[in-house]
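According to Swiss-Prot:
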TRANSIT   1-41  transit peptide
BINDING   His564, His568, His571  Zn(2+) binding site
ACT_SITE  Glu565  active site
Amino acid sequence: MKDQLLVPLRRRPWTCQKCLQRLQLPRHQTRRSFETAASPFPRPLDSLPADYARTKTVDDDTLRRVFDSQQFWREFSQQRAAQPKPTGLVQNQYLTSPDGFRTFANVSLQKCQAIVSKVLAASTLEEYRTMARDLDRLSDLLCRVIDLSDFIRVIHPDPQVQEAATQAYALMFEYMNVLNTTTGLNDQLKKAAANPEVTSQWSDEEKIVAQILIKDFSNSAIHMPPHERQRFVNLSNDISQLGSSFVNGAEPAKSHVSVATNNLRGLDPILVQQIKRWNRTAAVPTTGMIPRLALRSVHDENVRREVYLASRTSSKRQLHRLEELLLKRAELAKLSGYESFAHMTLSDKMAKSPEAVSNFLTALVESNRKLVREELSQLQVMKGAPLQPWDHAYYVHQRVLQYSQARRSRELSAVPEFFSLGTVMQGLSRLFDRLYGVRLVPQEPAPGETWNPDVRRLDVVDEAGRHIAVIYCDLFSRPNKHPNPAHFTLRCSREISAEEVAECASLDQSSHPNDGMATAVDPVTQTLRQLPTIALVCDFPEPGTNGGGRPSLLSEHSVRTLFHEMGHAVHSILGQTRLQSISGTRCATDFAELPSVLMEHFATVPSVLALYARHWRTDEPLSEGMIRSMERDRTAHGSIYGAVENEAQILMALVDQAYHSRPADGGRIDSTALYQQVSQQHSSLPEPADATTPPTSWQGFFGHLYGYGATYYSYIFDRAIANKLWVDVFGAGRHAVDRAAGERYKNEVLRWGGGRSGWECVAGALGSANESNADGRLVEGGDQAMREVGRWGLGRDGVSG
């Protein structure tokens, strides 16, 4: 975390870990209502508006048009323009003006303080029995302000709103820091969790949330004596500052290499002119796009070697930052009673230990090695001599050019014509309807509800017409907008107790138990629920402005990106737990990417393409010939470099583990020696190790060592699991639109959020008859389970994103 308010702690008890890692982008929300006889409110909390009676066919057509036609969107979005009273941002009743952020934060703060007083004063069995739920509500109240303010302060175009959101964010983080040092909360929760008369009355969710909070308190040093706690805070501050400096301070040892211009043959002449100097030499920079292009295109191997070595050698200052960061993390782990930082970080993950991660990565290296050798042997034939690391990009580029000239179908250039943004969103809705019985319904935003006129609002409804979630889609590019695609949960699902409803009604007739945002009544329990509210942010080109204008057309890569982000969204939508601390994507870090990675597999299989891939002008479906051409193209590119890309990701995960698994009392670290050791031991194209070549130190450019310290393996771990589920549950695409397969995946994985072990989810989805899970051996996880996942491999698709 970069924000100074976060520096005292590695992970806060009162906010979702995902939220704390996302200081750079937004998330979103809505509301609805069913009228109930017992409702104390002057307006219904969950009545669906009349326009929900629109047929699925009309909704489906509207979904495509709101994204593909600016004129249609303008008309559609103005239907509530005459509403006399503006709605707050994302329907939050407080956020009708910048000043509303202060009110929102203060009201939430008062509710938090009341809960803290209640927990600290608890003395009876009944009071202890409500403690897990009380503390979950405390977490929810903090996240309500923090998540939304964090999003708005980055995404909103108005500086006044940005500043107001920043102040609300700061206020709640400051209060959260107070909670983190309130030892009575930890003492009371541990007392409750240790009493069988209390825990016997807790649901499984309450038990899980209590254990999560106890561990979070422990990781925040609340149990330590004052002097050790202060040391913990100081170390956390140091780590935050060093981490920020490391991420932002990446720099090479040399800013450029001097090369004779006539040795740059193959590089674009325009680029050569840009870097040319007066004395027939060129200064090739060692960072940015030019060195990457040089490695791909310069014919002279000696030049490629020089550029490769210089662009992978970090400055001494940057290496010092990294090694200080690793040292402080090791000291923090020792202070917390752990063998290493990796042991501390992994204790609540699926992996559990660095030894298990090592088992997974080692098995993965072996399962991938044959494919790597096949790829490299083809490149070595092209070179006619032993392949070196600086040769790989060059000969891959040559092979791709050969393939493109000889076999690549010209019709592939027309594929984006069949992927308008509207048709892709339509396809996602149809896919979700077939797999899970939920669909996306465009909804006219109320005045003041969105932060930009281009933001589309979608309501998610089930087959009974019940409203279950809200998605705000901010998908088009605009000046100063963050370009990276992302999913944000602005408000998690959660059950709202009758006591909260009564408390809210007693405060103010206009007050709402979910701040005016989306609610619904659970048809089974008849309890009120706050619905997940999500924001999807992308950077696609805007559609044409006139009525017949060209829509935003997506590349195959962009389609996969959108499917990936919607994989996170569907986890939030379907993972509706009673407690917010474990809802949706609030699960173990090494499980969180599974739904999104699995969704990528659906994007281009024929049965799913048949749901949406139609020409934006003629409505002609994508032909079987074009689909086969796409498949051949993916297979060809995967066979050229997919396995080597996978190996590169595995090596980065191994380096991460090597750095963070060192014993806490292991003294100073030589990060370059460890990096070289991993490369020599596991790489098929290891870094040069001869005495005449100074060792490279690419680790100084590996910024994820800070944000994903000891957990960089997570993405490829989830890729391996996703590949397995794709084959064994969805039949490698044969059952991609099959309801039985969708229900199985939903019931075993998605609906649990973080309320079930990831291993139980995977084992449940595979079933006990699956050879990999014979006798349910995956359920408990452990070293052997991690090794088994490593044997599943990554295929040849390469790493997307």
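In case you wondered, yes, glycine gets a Cβ from its N, Cα and C as well.
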* To do: Pick out which of the binding-site residues His564, His568, His571 has the most other Cβ atoms within 10 Å of its own Cβ.
  => His571
* To do: For the recorded Zn(2+) site, enumerate neighbouring residues of the same chain (Cβ within 8 Å of the Cβ centroid of His564, His568, His571, site residues themselves excluded), in sequence order.
  => His487, Glu565, Met566, Gly567, Ala569, Val570, Ser572, Thr585, Glu593, Pro595, Ser596, Met599
* Asked: Just how many other Cβ atoms lie inside 10 Å of the Cβ on Glu565 (active site)?
  -> 21
* Cα distance (Å, whole number) from Glu565 (active site) to His571 (Zn(2+) binding site) -> 10
